[in-house]
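Here's the structure, in structure tokens; my notes come after.
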Amino acid sequence: MNTVRVNLGSRSYDIVITPGDPAGIGPFVRSALRKASTALVVCDANTQAHGRTVEATLTAAGLRTGFATVPAGEPSKCMEQLAKLYDALYDLAADRSTAVVAVGGGVIGDLAGFAAASYNRGLPLVMVPTTSLSMVDSSVGGKTGINHPKGKNLIGAFHQPAGVWIDLSYLDTLPEREFLSGLAEVVKYGVILDAEFFAYLEANAAAVRARTPQALAHIVSRSCRLKADVVEKDEHETTGLRAILNYGHTFAHAFETCGGYGSLLHGEAVSIGMECAARLARKMELIGADFVARQTKLLQAIALPIVPPAQWPTDELIAVMRRDKKAVGGQMRFILPTQLGAVKLFDNVPEPLVRDVLESR
Ligand SMILES: NC(=O)c1ccc[n+]([C@@H]2O[C@H](COP(=O)([O-])OP(=O)(O)OC[C@H]3O[C@@H](n4cnc5c(N)ncnc54)[C@H](O)[C@@H]3O)[C@@H](O)[C@H]2O)c1
Ligand SMILES: O=C(O)C(=O)C[C@@H](O)[C@H](O)[C@H](O)COP(=O)(O)O
Ligand SMILES: [Zn+2]
């Protein structure tokens with residue numbers, strides 16, 4: 001077992017990473033939330049079995065529980081499913097000591113997290129991530145929210161969890177496509193913050209894809225630490241530092257929105273977005289061709305896509321990028337690499353260069 005501490009003053013919390021301890025979550029919630037007497041477990045159709053195990057350990061730890069299941073997939077990050085969670089909290093007679101326990105991937109974490117952030121103006125939240133993506137990224141840092149039909153994650157709030165319980169054995173049931181998708185965010189950390197970690201991924205891509213216990217433990221704990229370091233310095237994305245976690249995401253969110261939520265998995269969109277961002281940085285002469293080649297090679301070694309589907313009109317993609325949350329006054333903004341392990345926020349990127357990148361598909 002390994003613990004990563006997120007230091008945020010009164011909102012500090014532990015991320016516990018265990019190779020497999022299904023009974024551990026009840027005592028963990030008890031110790032993270034001493035006053036909790038009830039908990040709503042939220043899962044999706046594919047994480048229901050894990051959710052029921054979590055519920056049993058919460059009951060054994062003395063909590064009264066409710067259980068809510070939403071359909072699996074990105075379209076569930078919507079008002080309709082959010083309203084169902086509010087109903088479930090009402091039916092449970094939730095009060096401010098009721099914990100919301102999100103058992104699932106990033107969709108469940110974001111949706112249940114936003115329900116926790118907003119019901120009764122804030123309930124404690126515990127994240128129990130069950131996908132590679134949610135273990136390395138979405139369960140940490142407090143971004144919660146849902147999609148607007150015209151823009152990804154446009155409705156949301158910052159709401160830090162009280163604790164994150166990462167049981168790597170949940171990955172045993174995760175299908176290959178979903179597992180690989182989460183690795184895009186792992187590559188992201190290497191590019192934006194840690195050239196040594198990037199080199200580790202290059203050297204160990206096969207072990208990571210094979211989900212060897214050592215490789216999983218390393219990529220999850222290193223990713224959580226790197227993300228926690230950023231969040232500790234810029235929790236609410238006010239100084240611009242946290243925006244570096246958005247590398248590849250200006251493109252990615254446009255692909256997800258224009259393609260229809262769920263057509264590409266988030267990590268797949270991020271992979272294509274990072275390829276586009278690297279090519280854009282190359283056109284702006286920020287990096288050399290060797291950087292682009294290395295990143296492309298690693299993404300391909302992980303069997304991630306790098307080419308945007310051709311059918312999405314450039315004008316539509318650009319219009320969506322102008323409404324991205326980082327945009328100011330309709331100006332597109334991009335996080336772009338300046339060397340391996342370092343990125344910067346750029347505005348005033350010439351639109352013809354962005355078009356070039358999108359149109360050389
Ligand atoms: N809040 C943040 O900081 C943050 C960071 C990154 C991504 N995100 C969001 O996360 C979402 C993507 O998360 P995701 O990739 O986890 O997708 P997801 O939650 O849709 O999960 C992927 C699929 O795997 C299934 N699944 C989950 N765990 C399983 C398991 N253990 N066994 C079998 N099946 C399982 C799910 O039912 C789903 O079908 C996107 O909405 C993205 O915007 C948020
Ligand atoms: O935690 C962050 O900050 C991130 O940017 C992490 C991203 O991987 C994640 O996809 C996030 O949800 C995107 O944030 P958004 O503010 O652009 O919606
Ligand atoms: Zn992301």
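Backbone N, Cα and C atoms are what each Cβ position is placed from, and that goes for glycine too.
Under the heading domain '3-dehydroquinate synthase N-terminal', TrEMBL lists 69-180. The feature NAD(+) binding site is assigned by TrEMBL to G106, V107, I108, G109, D110, T130, T131, K143, K152. What TrEMBL lists as domain '3-dehydroquinate synthase C-terminal' is 182-327. The Zn(2+) binding site feature in TrEMBL is assigned to E185, H249, H266.
Across G106, V107, I108, G109, D110, T130, T131, K143, K152, which the record gives as binding NAD(+), the greatest C-alpha separation is 22 Å.
Mean per-residue pLDDT, taken over the domain '3-dehydroquinate synthase N-terminal' (69-180), amounts to 98. Looking at K152 (NAD(+) binding site) and H249 (Zn(2+) binding site), their Cα atoms lie 10 Å from each other. Most other Cβ atoms within 10 A: among the binding-site residues K152, H266, that distinction falls to H266.
Here the C-alpha separation of E185 (Zn(2+) binding site) and I108 (NAD(+) binding site) works out to 17 Å. With DSSP classes pooled into helix, strand and coil, the tally for the domain '3-dehydroquinate synthase N-terminal' (69-180) is 50 helix, 32 strand, 30 coil.
Same-chain residues at least 6 positions away in sequence with a Cβ under 8 Å from that of T131 (NAD(+) binding site) are, in sequence order, G104, G105, G106, L171, L174, E178, F179, G182. On a Cα basis, D110 (NAD(+) binding site) lies 13 Å away from H266 (Zn(2+) binding site). Checking the binding-site residues G106, I108, D110, H249 against ligand 2, the ones whose Cβ sits under 6 Å from it are H249. The helix, strand and coil residue counts that DSSP assigns across the domain '3-dehydroquinate synthase C-terminal' (182-327) are 103 helix, 0 strand, 43 coil. Each residue in L133, D137, A184, K188, G248, A252, G267, A269, V270, G273 lies on the same chain as E185, H249, H266 and has a C-beta within 8 Å of the C-beta centroid of that Zn(2+) site, without being one of the site residues. You'll find the Cα of I108 (NAD(+) binding site) roughly 20 Å from the Cα of H249 (Zn(2+) binding site). H249 (Zn(2+) binding site) and D110 (NAD(+) binding site) are 16 Å apart (CA-CA, integer value).
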